[in-house]
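Written below as structure tokens is the structure these notes are about.
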Amino acid sequence: MLELRGVHVGYGRTAVVHGVDVEVPDGAVVAVMGHNGAGKTTLLRAAVGLLPVRSGKVLLGGEDVTRWRPHQRVRAGLAYVPQGQQSFGQLTARENLQLVADVAGSAGARRLDEALDLFPALRELLGRRAGLLSGGQRQQLAIARALITGPRLIVLDEPTEGIQPSVVAEIEDAIVQLAGAGGLSVLLVEQHVGFALAASSRYYVLESGRVTADGVGGAEQEGDVRAAMAI
Amino acid sequence: MDALFSQLFAGLSLGSVLLLAALGLALTFGQMGVINMAHGEFIMAGAYTAFVLQAFIPDAGVSLLVALPVGFVVGGLLGLLLEVTLISRMYRRPLDTLLVTFGVALVLQQLARDVFGAPNVDVRAPAWLSGAVPFLGMNLPKTRLFILGLAIACVVVLSLVLKLTSLGRRIRATVQNRDLAETSGVSTRATDRLTFFVGSGIAGIAGVALTLLGSIGPTLGTNYIVDAFLVVVVGGIGQLKGAVIAAFSLGLLQATFEYSTTASLAKVLLFVVIVAFLQVRPQGLVSVRTRSLA
């Protein structure tokens, strides 16, 4: 589904990601783990097109999308939920979702309804400005927005970071449900190693912009991964 | 009492002219952050559009009504051309944008001089706009009332477009968080162009309206550009309603100062008030409050 091949990314003169290979097969959940500053978010931003790749390739469904702009990748089925529960703060929750539904065309309205079925709590909050929602509600809104684009692959950057525990469980359930429902691949960056491994079929550990360990996912790998991350 | 009402109307009328001149800028500068010094020349282009059209359409009323949408398109296309060729290469470089658009403004002024001549020209006002409407013992000029109505109509239509349409949602989303808009599937480049087209188009409409107030010339826009920027800054960046309140407040203040002093001194006093106001409230009249920064 998504392949990053020998990807180098950086900011200005600083190189952050050095020749990383990551593959997300169709329908798989792949976790990328690592300490703060390991280059996880930089890698994801390059995958979705927000940062230019200096060398290497990004392939989506076998097609080279390295030079595509982010909105073109979204329309090709690559959805992105960035770090930090980002939303359009001055737009209402409904407008946040409608914005994406507009772009999605005729399927938009149906997908909007499906996304609200996944996060029923949002239905009560549609008229409220997104900037006034709690962190957990904004994260649900962000995931709902990503789903309305009709993705084949969803890229999630620390979806449970800084969110109250009761909502974390809801978000984790939603991710498992989406991946299990068939077809949707997930590329997940997550600090919560236990959940990330339990949900994923493959994992990568990133350190100083390089893959230092990778393997098959599953909760039983937690010991190995923690050792690789030297937690 | 009569004098009070008469000053109130003068203020509202001045405010409506300021609002028309500043409304497009509230989009391109207020929403997109582009310092476009050529905005005044788009106003001038709108005014000359009305002048050219009256040569083809003998009826001044029909000519005016046709000039409004045509002026919008002419202003919009000029804006679009400027955005595509120059401004798009200078996002996040405000000083360069300022200098380049100032240069473009000079070029457009000279172009107008070459095409239409240096002296001012007149655009005939339609018969149904001549004269005045008696109201509470005052005579309100119909042209001023028309401009007031036009300004209000432009604000209402623009607000509805921003609030209710897909284009409006795209514009507001792109302004708030460009990266997030892109990764929500919105082409922010296309949105930038459309926003600039609409903002510059409104300047064209303002130009058509200004032909009702007097003769027009190549430097018509320069008379309004500073005031237009003041309205947007005082109103609060990124807020349409701020621009509306600011335009009418500044109009009323200027009319009041002009009544009690002279036109030049009124301008000085107005600047003093604005400088003092911005010291106390640098974010302008209306600011945005959210729980998160995003």
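The count begins at 1 with the first shown residue.
Every residue, even glycine, has its Cβ placed from backbone N, Cα and C.
Remember, TrEMBL labels are computer predictions, not curated facts.
TrEMBL annotations:
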- B:6-29: transmembrane segment (TRANSMEM)
- B:41-57: transmembrane segment (TRANSMEM)
- B:63-82: transmembrane segment (TRANSMEM)
- B:94-112: transmembrane segment (TRANSMEM)
- B:145-162: transmembrane segment (TRANSMEM)
- B:194-216: transmembrane segment (TRANSMEM)
- B:228-253: transmembrane segment (TRANSMEM)
- B:265-282: transmembrane segment (TRANSMEM)
Q | Distant-in-sequence neighbours of the transmembrane segment (B:145-162), which means Cβ under 8 A and at least six residues beyond its ends | A | 12-13, 16-17, 19-20, 23, 27, 68, 129, 133, 168, 171-172, 198, 202, 205, 209, 212-213, 240, 244, 247
(Q) Please identify the stretch among B:41-57, B:194-216, B:228-253 with the greatest number of Cβ pairs below 8 Å relative to the transmembrane segment (B:265-282). (A) B:228-253
(Q) Cβ pairs under 8 Å only, please: of the recorded stretches B:6-29, B:41-57, B:63-82, B:228-253, which one is richest in them relative to the transmembrane segment (B:194-216)? (A) B:63-82
Q: Go through the chain and flag residues at least 6 beyond the ends of the transmembrane segment (B:63-82) whose CB is under 8 A from any CB in it; none is fine as an answer.
A: 24, 28, 36, 38, 41-43, 45-47, 49-50, 53-54, 56-57, 101, 104, 108, 124-126, 129, 150, 193, 196-205, 207-208, 211-212
